[in-house]
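Trainee: Take a look at the following structure, please.
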Amino acid sequence: MPGQKPIKVALLGCGTVGTEVVRLLTDQAADLTARVGAPVELAGIAVRKPNKHREVPAELLTTDVDGLVESDVDVVVEVVGGIEPARTWLLKALHGGKSVVTANKALLAEHSGELFQAADSTGADLYFEAAVAGAIPLLRPLRESLAGDRITRVMGIVNGTTNFILSGMDSTGASYSETLEEATRLGYAEADPTADVDGFDAASKAAILASLAFHSRVTAADVHREGIASVSAADIAAAKGLGRTVKLLAICERVTSAGGESISVRVHPAMIPRTHPLAGVNGAFNAVFVEADAAGEMMFYGRGAGGAPTASAVLGDLVAVARNRVVSGRGPRESAYAALPVRPMGQAPTRYHISLDVADRPGVLSQVAAVFAEHDVSIAAVRQEGRVDDASLVIVTHAATDAALRSTVDKIGGLPVVREVVSVMRVEGEET
Ligand code: NDP
Ligand code: HSE
């Protein structure tokens, strides 16, 4: 491509991901030029503290982010994170006609509508493959490959930190706090693990997945969120006893009812059968299971975080937007035409596993069963084991609304014959 004008790139951020973006851009410069059809040139790198970045050419470093965004670059790659000032920078870039590649899930989960509108105003591209499940090609399949199908469900493990902790609890039988301590010591959990263990990170990703899968605008505030801090060693043992394992799942599903179509988007721990494809996803890995009418079931698996894996997804997006620039084309725009409403969690169809310690005498099972009937919740399976003077009762329900299941558990907990509600956990990944 002699004489082809280079595609100039501004990189905002040079931390865990940004450093690897610079490395890949440098090491693969010749291949990238051939793939794009023009040289891809790094025009500047914005950071907070230039002195600490000895690994990148000093002449590229700047603290003047606005100046870099407003310069004559074609593409802005944002790997800083957080809502502000990233939102302001990216709006400025898009309004200025620059295409944007970002890994910022928190920003997209709150402001994707505004960012897409800014992109539309100038015909720029907005790509964000790295924002969900790191290296795994997932958003492009949802946005493009499956655009002709009808997706019914997306269910995944999209947070490596919590998966590492739950996998550890499952293999050792240790408590949540012991396993979190170990994960922090080994560097798998951050010093402040709140965003991960309380499910905020997964909720942002769920909002992005639901928006793409169901052609509707879903924000993090629409996502029902529960973290893993309340998962006990007893929950894990109860799951094991039934051939199940516990995972923190991001679940986005299409619900069809008499009132029409809506979507349920939620993040919470759940038991899944050990035979389910997601059950074998251990440690810091991510995987997302997608169901669509025509395509059937698919699973996307790989590394959901880390500098190099995430940079791989960023570079894939960069090549795509650079190619679009070379041919004066454009990638997919926002598709939110369906505008499906999000159901409140109470109306989400779920199933429960309930483990109780009860008195072992005639009539106990019928008292417990009566509470289920009262709430119109159908029991799928019951297992009782007698002990010396009490019994362990394990009940798995059919699907019912989460509100009905929650009220059932509350009422059962108050029955005089129930000594303790040992474990309550939603069940996913099985026939209802
Ligand atoms: P880091 O904290 O490692 O790096 C952030 C970078 O942004 C640093 O270089 C920092 O500069 C720079 N920066 C922060 N604030 C400013 C500012 N006000 N002005 C200029 N530069 C600033 O973050 P990561 O690389 O881990 O993550 C980046 C993004 O990628 C986030 O959105 C994250 O959610 C996403 N992501 C990260 C993954 C991972 O595994 N790390 C996985 C998937 C997505 P300085 O170095 O000078 O302090
Ligand atoms: N903190 C995230 C995780 C990685 O633990 O998976 C970035 O999305």
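Any Cβ shown, glycine's included, is placed from N, Cα and C.
Residues annotated as NADP(+) binding site in TrEMBL: LEU12, GLY13, CYS14, GLY15, THR16, VAL17, GLY18, THR19. Annotation comment: TrEMBL describes LYS105 as NADPH binding site. Sequence annotations record features per position, and here TrEMBL assigns L-homoserine binding site to GLU190. Sequence annotations record features per position, and here TrEMBL assigns active site, proton donor to LYS205. The annotation domain 'ACT' is assigned in TrEMBL to 353-426.
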Trainee: Could you check what DSSP calls LEU12 (NADP(+) binding site) once collapsed to helix, strand or coil?
Mentor: strand
Trainee: Measuring Cα to Cα, how many angstrom lie between THR16 (NADP(+) binding site) and the residue listed as 'L-homoserine binding site'?
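Mentor: That separation, Cα to Cα, works out to 13 Å.
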Trainee: Would you mind sorting out which recorded positions among CYS14, THR19, GLU190, LYS205 put a C-beta under 6 angstroms from ligand 1?
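Mentor: With ligand 1 as the reference and 6 Å as the Cβ limit, the list reads CYS14.
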Trainee: Per DSSP, what is the residue tally for the domain 'ACT' (353-426) in helix, strand and coil?
Mentor: 23 helix, 34 strand, 17 coil
Trainee: Considering the binding-site residues GLY13, GLY15, GLY18, which residue's Cβ sits among the greatest number of other Cβ atoms within 10 Å?
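Mentor: Output for this query is GLY18.
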Trainee: Taking the Cβ of each of the binding-site residues and counting other Cβ atoms inside 10 Å, which one has the highest number: THR16, THR19?
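Mentor: Result for the most crowded candidate: THR19.
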Trainee: Express the predicted model's confidence over the domain 'ACT' (353-426) as a mean pLDDT, rounded to an integer.
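Mentor: The answer is 93, the mean pLDDT of the model over that range.
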Trainee: Which is it, of LYS105, LYS205: the one of these recorded positions whose Cβ has the most other Cβ atoms within 10 Å?
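Mentor: Compared across LYS105, LYS205, the most Cβ atoms within 10 Å surround LYS205.
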Trainee: Taking the Cβ of LEU12 (NADP(+) binding site) as centre, how many other Cβ atoms lie within 10 Å?
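Mentor: By my count, 26.
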Trainee: Around the NADP(+) site (LEU12, GLY13, CYS14, GLY15, THR16, VAL17, GLY18, THR19), what further same-chain residues have their C-beta within 8 angstroms of the site's C-beta centre?
Mentor: LEU11, GLU20, VAL21, VAL47, VAL79, VAL80
Trainee: Near VAL17 (NADP(+) binding site), which residues of its chain come within a Cβ-Cβ distance under 8 Å, counting only those 6 or more away in sequence?
Mentor: VAL79, ALA103, ALA130, GLY307, THR310, ALA311, VAL314
Trainee: Let's check the environment of CYS14 (NADP(+) binding site): how many other CB atoms sit within 10 Å of its CB?
Mentor: 25
Trainee: Using a Cβ-Cβ cut-off under 8 angstroms and a sequence gap of six or more, which residues of the chain neighbour GLU190 (L-homoserine binding site)?
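Mentor: Same-chain residues close to GLU190 (L-homoserine binding site) (Cβ under 8 Å, separated by 6 or more) are THR161, THR184, ASP196.
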Trainee: If I take the alpha carbons of THR19 (NADP(+) binding site) and the residue listed as 'active site, proton donor', what is the distance between them in whole Å?
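Mentor: About 23 Å separates the two Cα atoms.
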